[in-house]
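Notes to accompany the following structure.
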Amino acid sequence: MPVPPARRLVIKLGSSLVAGEAGPARFARDIAALCAEGRQVILVSSGAVALGRRLLDLPRNARLDQKQAAAAAGQPLLMQAWRESLAPHGLIPAQLLLTAQDTEQRRAFLNARGTIDALLKAGAIPIVNENDSTATAELRVGDNDRLSARVAQLSGAELLVLLSDVDGLYEADPRRVPGARHIDRVAAITPEIMALAGDSASGGLGTGGMRTKLEAARIAAAAGCATLIGSGEGEGALGRLLDGLARGTLVEATGSPASAYKAWIAGTLAPAGALRIDAGAAAALARGSSLLPSGVLAVDGSFGRGDCVALLDPAGQEVGRGLSRYDDGETQRLLGARGADIAGRLGYSRGDELIHRDDLVLR
Ligand SMILES: Nc1ncnc2c1ncn2[C@@H]1O[C@H](COP(=O)(O)OP(=O)(O)O)[C@@H](O)[C@H]1O
Ligand SMILES: N[C@@H](CCC(=O)OP(=O)(O)O)C(=O)O
């Protein structure tokens, strides 16, 4: 099965793989090989609850508060296991504990995105888990399949790999129906496809089963990211899956991460304010440039960093919209400034552009 090439990948590893006997060490060689090829790898690792439950001797059917306690005790063990696995390959793990809010609220989303970008630039491997110990019932994503899809969305990944104890989607749970047929490729997550998926049956370690994997694939697809569901069992499983040597289920993406991100800016956001720009700036934007402070004449409305603002030309026509790097007060102080003046005027700089071209959509 040909696997789409991806520069940035999110790889999610289920509890049964990470907190089981073999631990995460068997993935390290394949992760190192991906990095050596110049690919950017973000891991979403489950396992904190299972490891902590063992350490604290809590029952399998623990209450929510006991699971939260288990996650608090297990998370350091999980990171220790990853550190010991990655260090021999010269790789540095970095922990990110996210809540649902971090992936849904725009400012938190952009913050998490910035941190992941900075970690990848510094050569580290971001290892994400949900912040289980403090997330309340209403604020939880609840399973790492969906969390990993949110991470794929916020990091602009092209491929989400869901590694589990099963080599993809079957027409029925193969643990319950031994002769069930394997499905190689899914063009879209329709209700008929969703109906094939059952809950977790992996001896009580996993959360969500195939259902949450398909929900994750649907979120990822809408963000322009394909999903590959496969087995992570055995040495070299990740490499074999990505090389098309082991079977899995590929769920296709709709469009690209960049087009999905721009559609999100253009369609889902109501602008919080507006920037009146001059004719030169409007022409530069049409040529594909970012918006610099020197082309902005006036600031309307009240907006924060990361908020969406409309861009109005001298005739008052909206020529586009984008996410502002500076809030309304900062933007006001930057009117007419050149890049080099920004730090002088504000005492700091978040970059020369008011709106970077990647965060900008023209009408
Ligand atoms: N249609 C299906 N195809 C494949 N697996 C299924 C299906 N329905 C339910 N499952 C179950 O989903 C399990 C994988 O999910 P889960 O136990 O949550 O794993 P993980 O911990 O890796 O997230 C499989 O072991 C399998 O028993
Ligand atoms: N955040 C939890 C994992 C939740 C979860 O989705 O588990 P799994 O189905 O094994 O990927 C933990 O670290 O134990």
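Glycine residues also receive a Cβ, built from the backbone N, Cα and C atoms like all the rest.
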Looking at the substrate binding annotation from TrEMBL, with S46, N144 already listed, which candidate in D57, D132 is the matching residue?
D132
With DSSP assignments reduced to helix, strand and coil, which class does K12 (ATP binding site) get?
strand
Largest tally of Cβ atoms lying within 10 Å of a Cβ, found at which of the binding-site residues N144, D165, T212
N144
Could you tell me which of the binding-site residues K12, D132, M210 have their C-beta within a distance under 6 angstroms of some atom of ligand 2?
D132
At the Cα level, what's the spacing in Å between D165 (ATP binding site) and S46 (substrate binding site), rounded?
13
